[in-house]
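S.K.: Okay, so Swiss-Prot annotates it like this:
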| type | residues | note |
| --- | --- | --- |
| BINDING | GLY79, ASN110 | anthranilate 1 binding site |
| BINDING | GLY79, 82-83, SER87, 89-92, 107-115, SER119 | 5-phospho-alpha-D-ribose 1-diphosphate binding site |
| BINDING | SER91, GLU225 | Mg(2+) 1 binding site |
| BINDING | ARG165 | anthranilate 2 binding site |
| BINDING | ASP224, GLU225 | Mg(2+) 2 binding site |
Amino acid sequence: MKEIFLQISNRQDLSQDQVQAVFDRILKNEVSESQIASFLMGLKIKGETSDEITGIVRALKSHATVLPETFTDAMCNCGTGGDQSYSFNISTTACFVLAAGGIRMAKAGNRSISSKSGSADVLEVLGINVAASPEILSKALDEVGLAFIFAQTMHPAMRFIGPARQALGIPTIMNLVGPLANPLDLETQLMGLYRVELQEIVANAIQQLGRKRAVIITGPDNMDEAALYGTNTYTLLEDGHISQHTFTYEDLGMEKVELSDITGGDAKENAEILLSVLRNEASPYLETTVLNVGLGFFANGKAGTIKEGVELARQLIADGSALEKLRKLQEVQV
């Protein structure tokens, strides 16, 4: 580690291979907590690069639990979190609608860290076994076209990094790595990101990881979701090209929804919100969900524009298809 620390202290970027080698040791519990904290803080001060992000992701995937069946067409819409918006579980709600639209969703997530209810917490209330075995996850992906991929189950070696992250108490490169470390080789991705200035770096990492198409979204006030107030900024990876764009609720012909109107609660309250959306009950929650689903369909290529994606989202909720996906997952991922 001495040579690595020296290189970082000289503000020299690390190669993918260097970072992957360091994390391979970390994930084998061969590096002390203080060294891990120093490494993460050093990268943060220097400024993280796409190669460094990719190196960590590849190390994590090499230590991840493997599913018995291979899927090459999956998508994830997991975000970084950490935006302090305290909104309801938007991407978790959206994943059922995306799956209803024919996209195989490998929805990664975790328990609450900075909010009252993480994706794992709300799905548990709904009777879904978030810690299901790899065999059950494969069955769900095959039969339902949707599975919840629990970070703690699929990345057990991450426990060696947790204490250092908690001791630091600030966002590090690990916040960027989480949504990218899905154990499946994703074809497409919608990733919420809490800092606009990191979008290009993350987009380059996503490209290196082999995604066919992806959108990285940062909402107003650095939300890691799209919102119906202010300006949303997204970076699109398409056909090997990376470009940045903006849009507002007015561009889509939608009504304004303030952040205070989509505040979430605890896991039980957020489960009720999720159900109300899938039942097509009119609310700011429904409007925010269809916006993010529309963006997901655009990220996947299922819709040519975000607006087309929003219309498809409305249809799938209105006809009960999205709610049916939840019912099927409740039957299979148990």
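Residue numbers in this text run from 1 along the chain shown.
Positions of Cβ are set from backbone N, Cα and C atoms, glycine also.
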S.K.: On a count of neighbouring CB atoms within 10 A, which of the binding-site residues ARG111, ARG165 is highest?
M.R.: ARG165
S.K.: Tell me which of the binding-site residues GLY79, SER87, ARG111, ARG165 ends up closest to ASP224 (Mg(2+) 2 binding site) in space, Cα to Cα.
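M.R.: With Cα distances computed to ASP224 (Mg(2+) 2 binding site), the winner among GLY79, SER87, ARG111, ARG165 is GLY79.
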S.K.: So which binding-site residues out of GLY79, ASN110, ARG165, GLU225 end up within 10 angstroms of SER91 (5-phospho-alpha-D-ribose 1-diphosphate binding site), measuring C-alpha to C-alpha?
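M.R.: Final answer, ordered: GLY79, GLU225.
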S.K.: Cα within 10 Å of GLU225 (Mg(2+) 1 binding site): which of the binding-site residues GLY79, ALA108, ASN110, ARG111, ARG165 qualify?
M.R.: GLY79
S.K.: Cβ neighbours within 10 Å, counted over all protein chains: which one of the binding-site residues SER87, SER91, ASN110 has the most?
M.R.: SER91
S.K.: Give me the count of other Cβ atoms within 10 A of the Cβ belonging to GLU225 (Mg(2+) 1 binding site).
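M.R.: Taking every protein chain into account, the count is 27.
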S.K.: Long-range same-chain neighbours of GLY79 (anthranilate 1 binding site), Cβ under 8 Å, sequence gap at least 6?
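M.R.: The answer is SER91, PRO179, MET191, GLY192, LEU193, TYR194, ILE217, ASP224, GLU225.
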